[in-house]
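*Asks:* For reference, the structure I am asking about is given below.
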Amino acid sequence: MISISNLNQNSKTLLKNFTRAFVNSKKFVQPESFSFTKENQSKVKDILKNYPEDHKESALIPLLSLAQDQEGWISNAAINEVCNITNCPRIYGYQTTKFYSMFRRKPIGKHLIEICTCTPCMLNGAEDIVKATKDELKIDLGESTEDGKFTLTEVECQGACANSPVMVIDGIYYENLKTQDIQKIISQIASGKKPKPGPQNEN
Ligand code: FES
């Protein structure tokens, strides 16, 4: 039998990455059904009123967004339900959620960390911010922490280039970041506190 202690460093890293990918994939289960909550059913009606009766498909994106707001992500069942409501071929729903990166196609942790890696942020150190965050959480981009508290992802321009590099956590912007800000922000959120939003280089 092969013992782990006999593996070289490359093999150990490969095994670790495979195990992590397996653990992350095991957590990802597609629900068999989806339905909007009572409150959201009335929002669905309001959204549909914005479009002509014979062009319900125009409500595809707003309804997919509503489904995501409800569940935190969009399952296959949610896409199918939205396509039923809008009379869209299901493939439109799958293509739309695949094309727009703001749609999340798998469950996320309690807190979503989005780091901008577009050009201005990249030129101002986004790569170091990504690395510091990965090191702090011990996960890679696209993964969630074992305790389900954090999901880490990279995103395109968040519209705050003047204060780059930028990270958005649960919709709140943290700007002018330095690597030493990361540990403080994440630990405060993990303990239920609210870190100071906006530029981190101002008191
Ligand atoms: S490039 Fe990062 S906010 Fe615009």
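Placement of Cβ uses the backbone N, Cα and C atoms for every residue, glycine included.
Positions annotated as [2Fe-2S] cluster binding site by TrEMBL: C116, C121, C157, C161.
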*Asks:* Does anything in the same chain, at least 6 positions from C121 ([2Fe-2S] cluster binding site), have a Cβ under 8 Å from its Cβ, and if so what?
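*Replies:* Long-range Cβ contacts: I115, I129, C157, C161, S164, P165, V166.
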*Asks:* Looking only at C157, C161, which of these binding-site residues has the biggest number of Cβ atoms within 10 Å around its Cβ?
*Replies:* C161
*Asks:* So if I draw a 10 Å sphere around the Cβ of C116 ([2Fe-2S] cluster binding site), how many other Cβ atoms end up inside it?
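*Replies:* By my count, 28.
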*Asks:* According to DSSP, which of helix, strand or coil covers C116 ([2Fe-2S] cluster binding site)?
*Replies:* strand
*Asks:* For the [2Fe-2S] cluster site given as C116, C121, C157, C161, which other residues of the same chain have their Cβ within 8 Å of the site's Cβ centre?
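*Replies:* Output for this site, in sequence order: T117, C118, T119, P120, M122, A126, E156, Q158, G159, A160, S164, P165, V166.
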*Asks:* What kind of secondary structure is C121 ([2Fe-2S] cluster binding site) part of, going by DSSP in three states?
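*Replies:* Its secondary structure by DSSP: helix.
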